[in-house]
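Here is the structure we will look at.
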Amino acid sequence: MIKTVSTTPYSDQKPGTSGLRKKVPVFQQENYAENFIQSIFDSLEDFAGQTLVIGGDGRYYNREVIQIAIKMAAANGFGQVLVGRGGILSTPAASNVIRKHKAFGGIILSASHNPGGPTEDFGIKYNIGNGGPAPEKITDAIFARSKVIDTYKIADAADINIDIEGTHTIEGTKITVIDPVADYAELMEELFDFAAIRAMFAGGFRVVFDAMSAVTGPYAKEILENRLGAPKGSVLNFMPLPDFGGHHPDPNLVHARALYEAMMADDAPDFGAASDGDGDRNLIIGRGIFVTPSDSLAMLAANAHLAPGYSKGLSGIARSMPTSGAADRVAEKLGIGMYETPTGWKFFGNLLDADKVTICGEESAGTGSNHVREKDGLWAVLLWLNVLAVRKESVLDIVREHWAAYGRNYYSRHDYEEVDSAAANGLIADLRARLADLPGKTFGGLTVEKADDFAYHDPIDKSVSEHQGIRILFAGGSRIVFRLSGTGTSGATLRVYIERFEPDAARHDIETQTALADLIAIADEIADIKGRTGRDAPSVIT
Ligand code: VG1
Ligand code: CO
């Protein structure tokens, strides 16, 4: 039986950078998840009889919402639902399943790198038929609908056993529980030279991958250990846990500190990597060298042709605006297009669909390609391994050679988390008001060349996205960007992105914060960060 349930709207269901993210107790309010899921369905057209993919990163509350989403999809007339076994699908794997099975779209339950647990974060995101996050036109429609919704539809059915692969029927809708790893592993085998990587491992190359008790564990175990022959134990923390073992599943130098320390030791493995809660981010560390995500994008773009899936070269590269300009010089050298988009993977979808770009990346540890329409943590790891297997050099050597050839972009992001929202909004508003006055002004010896509020004009669908970050560009190529996070769930998070270009190879060995010290001081001077946030220092430096 299909039930039509009366409900009252919530006013706060506005999707952010990547879906709707709230604390679990917010999602546990009466009909909160149901309202949002129905608002998604109400914003879509012509999906009757089509396929919907459902999966999540296994965090707390995942299993409950999976059952709700299945029953609502059945009641709303989808013909088929594909759900990952155990409710598990990493974000890139979900994107792949949507594409491969020609689904209408997918619902991904994740708050990505945010912590999980009864009082931590949960999230729901809708992806369209190309496998990518819904564009703003759709997320705006979902939010508008959520503010007026008064009923939702749900099948009055028993829970599906999602822990065993198989097929069920609810109200005429076929529900299939699928292996979450198989399709994804097959795709990786098509893109990369598994034989070369296997030979490298067999030759004693040591890899360590920290799955951070999050969704990538089963994928990394299957691919790195089972298919590529890395020794058992190479994948750490491989069991997805609802609370990620109490840790913050964000693969950066703060939350993956132990991996970083291990990789800096004299007897460190050759290659260290980690991924986030939903498997779309990556951390790359060679023995004795952390590769910044912006550098990793540039280096992968410069070397991608060494992997079979990219042997024909790249059509273009895209990066989010705050990401460093390192990739720009690779695009220039390759003579291919370079696109600068706002933060968030949803802005890459059109460029990838139109084949304007092959590889995309963000400074927040996200890299990916046209193989799916999400960033992909394990993909980045495998591309690095493929490059290493072909070049037979260390990560450190590859990084040094790249800097010598292209110059080095010293880069760091300073986050001020959970600051007062009014203070953070005021800081940005004031900067915005002063933009016209900044060019020509000198701070600590650096002259502002240009200052603007980044707006993106999508070259494919011509949509315009404004207020995507305040950019202050200095003569000589240094840059400071200020923006507020769209993924946090309490207060505001101010992100300050600091970058300096250094062409001289003799000056490529400076510690990053030291190399950026003058710009860090200028950022505070221009925006009065300390005064406005009441913070002496950032909460996270990456
Ligand atoms: C952050 C990152 C952004 C990324 C987004 C989603 O957004 O800066 O680059 O796309 O998270 O990543 P924000 O608005 O908080 O800066 V994930 O791995 O959380 O899906
Ligand atoms: Co993520």
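Positions of Cβ are set from backbone N, Cα and C atoms, glycine also.
Annotated features, as they stand in TrEMBL:
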- 1-16: compositional bias 'Polar residues' (COMPBIAS)
- 13-151: domain 'Alpha-D-phosphohexomutase alpha/beta/alpha' (DOMAIN)
- 183-285: domain 'Alpha-D-phosphohexomutase alpha/beta/alpha' (DOMAIN)
- 294-406: domain 'Alpha-D-phosphohexomutase alpha/beta/alpha' (DOMAIN)
- 1-21: region 'Disordered' (REGION)
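The helix, strand and coil residue counts that DSSP assigns across the domain 'Alpha-D-phosphohexomutase alpha/beta/alpha' (13-151) are 50 helix, 35 strand, 54 coil. Across the domain 'Alpha-D-phosphohexomutase alpha/beta/alpha' (294-406), DSSP classifies residues as 60 helix, 18 strand, 35 coil. Across the domain 'Alpha-D-phosphohexomutase alpha/beta/alpha' (294-406), the prediction's mean pLDDT works out to 97.
The helix, strand and coil residue counts that DSSP assigns across the domain 'Alpha-D-phosphohexomutase alpha/beta/alpha' (183-285) are 41 helix, 16 strand, 46 coil.
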